[in-house]
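Here the structure is laid out as structure tokens; the discussion comes afterwards.
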């Protein structure tokens, strides 16, 4: 019956105070939290970023009592005040308030005694239970982060990076670094070092640090021995000095750039490394006409294909249409216009176990191949939302025919994708005319039935059952849907439901040979299942016969209802 194919999160905050950054206009005052701390904005700051716990901040301030008496001022001393935020180095009201400020911002904080010097005050200048006011300007701050949350790697940002992305496991980073001991002596340094993030370089701290960095960011790392060279240290090697046992390292690290590496297929057998970023966000879809420049190489560097280079027109192909090897096809569909990438393709997605004569050389059997690809341009297949009703029906019919051809060629997974796309074109038919709805209904039934046949071939029985159920919701007496759903139920060992579908199909079409054959298959499966069931319980009873006879008898009585249910 298959012939029917016609921003980073803040660190844990130790106070019982909500981490708030109230939006204020100049001259406006609001309470921060619920313990009486107030903030009045005098001058707006720059950007959107604010300091976090652990950051080293630099401020100018003037402190007064509520009666206007000044008791302290960094401005009068001519030296800005520096401290680490959220570390208890200042009164609690400061730790909480300055977290809400932007660079260059000026604000007045009114701080109740509970968040200042409390009942004791700070004699002789600050009396007991005093509410204080501080006129504070946030000059700058250096981001300081405990990367591993155990004090093992502390990162101080010296130069802010660009954008927001961080390197991932597979990415190849390019860095400059210099590692010193606490006495200032250099133990290792290098410019332009490239390494895969997950593989690391020099010491474990570099791999962990670069994961938190942005492009062009420069940092100073304080690295404890557990993330350096541990209890043993490291002997001198070549031009690199020895690292003593249990040494803390100070590492200057700059992330110059990185190449993004992604796994194109879930089994990691097609991997793409971006050599040059593309434009915008658009990427090819199924049926896109793509123009590319290609250089194909073997593992030893032998070039077997070169096209689109040296004033030659780019190579043109249609995606998901068997016009290039599958790995290249899939990789191109992840690219943007103008992107250049190196794609590594294992044999399963390349030329397999057969020898392949290419333009410039032979690709031996079982070869992993490498393509340098530039996506010059592409024209996407029209999406359904860009089509009128008639175009959707025509597109659905075309995708169905493509699916039929792929099914007949034994390419069931790809055929399934075609049927799914066809069904999506006509999924929402409420705006269709009555005639268009009739055409859409016929196509829906056909595509879902054909897709169910694909899923049965692919042993995706649950999906096959769902597709057949969709058809039966449209046509409750569709024999092919009942037949295929019964096949799915048999493989899901749901024999009762399979029998119901087969009996209903035979009521509608008593002489259907395929359905009758499936009924025989069902009966054989039930018989086989019951034999296994009987053998299973037989083994249990054989083991029980060695026990006390009364226990055996009791166990047998308890087991009988289960056996009946299994047989039913």
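Heads up, the Cβ atoms here are built off N, Cα and C, so glycines get one too.
Positions annotated as domain 'PPIase FKBP-type' by TrEMBL: 54-142, 170-259, 287-379. What TrEMBL records for 1-21 is region 'Disordered'. Annotated repeat 'TPR' per TrEMBL: 479-512, in sequence order.
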Overall pLDDT for the domain 'PPIase FKBP-type' (287-379), taken as the rounded mean: 96
Cβ contacts under 8 Å made by the repeat 'TPR' (479-512) with residues that lie 6+ beyond its boundaries: 1, 4, 445, 449, 452-453, 455-456, 459, 461-462, 464-465, 468-469, 471-472, 518-519, 521-522, 525-526, 529, 568
DSSP-assigned states of the domain 'PPIase FKBP-type' (54-142) in counts, ordered helix, strand, coil: 14 helix, 38 strand, 37 coil
